[in-house]
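Chemist: Please find one structure pasted underneath; my questions will follow.
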Amino acid sequence: MDASHRQSQTGQTTQTTRQQLRQQVRLKRQALTPHQQEQASKAVLSRFCQLSEVRQSQHVALYLNNDGELDTEPLIEWLWHQNKNVYLPVLHPFSKGHLLFLHYRPETKMHCNRYGIAEPVLDVRLVKPVHELDLICTPLVAFDEQGQRLGMGGGYYDRTLSQWHHNGAGPRPLGLAHDCQQVRHLPAEAWDVPLPAIITPSAHHHW
């Protein structure tokens, strides 16, 4: 067996393992009861609002939860009450695999994107360049003890955070997750961007 074939097999095995982990963890968070979800969201909000990087940020990107993810609505409401600007991700209409971030208010017009996730209707007047954001709260499917993040597989946030990962430029990322989304080790790919901090209901992980 030549080296290229072995490398190909290794890559396929890694992708299979990542997909299996993705499915296993998604089932865990989908199984959480409404009461468990509510308690988890309250606990994360308590940690979130005490973080210095949150308090010092004026322009914060968040996301609307989906697929059993942690409920982000209380975080968004708290940010509004603090007179901070909130932004939501929108699938870029022309640049495949990339995100735009639009200013989000209670009156913002919404629609569902091709993944069935609610996002603001695209209005170029509301777009905030990524480098002008202070903090990006990122969704994730799983994370490990080293801060490696496993997303849904589209690479949207890895691309968004690539500049920060390579040279520290741009907004600092902060992961949000349930405790059940932590695993011991994630097989990483070259394009993966590990997170410097993740909040769960029971802990503030930072690396």
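Just so it is clear, glycine is given a Cβ too, placed from its N, Cα and C backbone atoms.
As listed in TrEMBL for this protein:
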type	residues	note
BINDING	Arg18, Gln19, Gln20, Leu21, Arg22, Arg149, Leu150, Gly151, Met152, Gly153, Gly154, Gly155, Tyr156, Tyr157	ATP binding site
BINDING	Leu64, Glu69	substrate binding site
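Quick one: how deep are these features, and who are their neighbours?
Modeler: In the three-state DSSP scheme, Met152 (ATP binding site) is classed as coil.
Leu64 (substrate binding site) falls within neither a helix nor a strand when secondary structure is assigned with DSSP, and so counts as coil.
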Chemist: Which one of these binding-site residues, Arg18, Arg22, has the sparsest Cβ neighbourhood, judged by other Cβ atoms within 10 angstroms?
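Modeler: Ranked by other Cβ atoms within 10 Å, the binding-site residues Arg18, Arg22 bottom out at Arg22.
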Chemist: Using DSSP with the three-state reduction, classify Glu69 (substrate binding site) as helix, strand or coil.
Modeler: coil
Chemist: Which whole number of Å gives the largest C-alpha distance between any two of Arg18, Gln19, Gln20, Leu21, Arg22, Arg149, Leu150, Gly151, Met152, Gly153, Gly154, Gly155, Tyr156, Tyr157, the residues noted as binding ATP?
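Modeler: Between the most distant Cα atoms of the ATP site, 20 Å.
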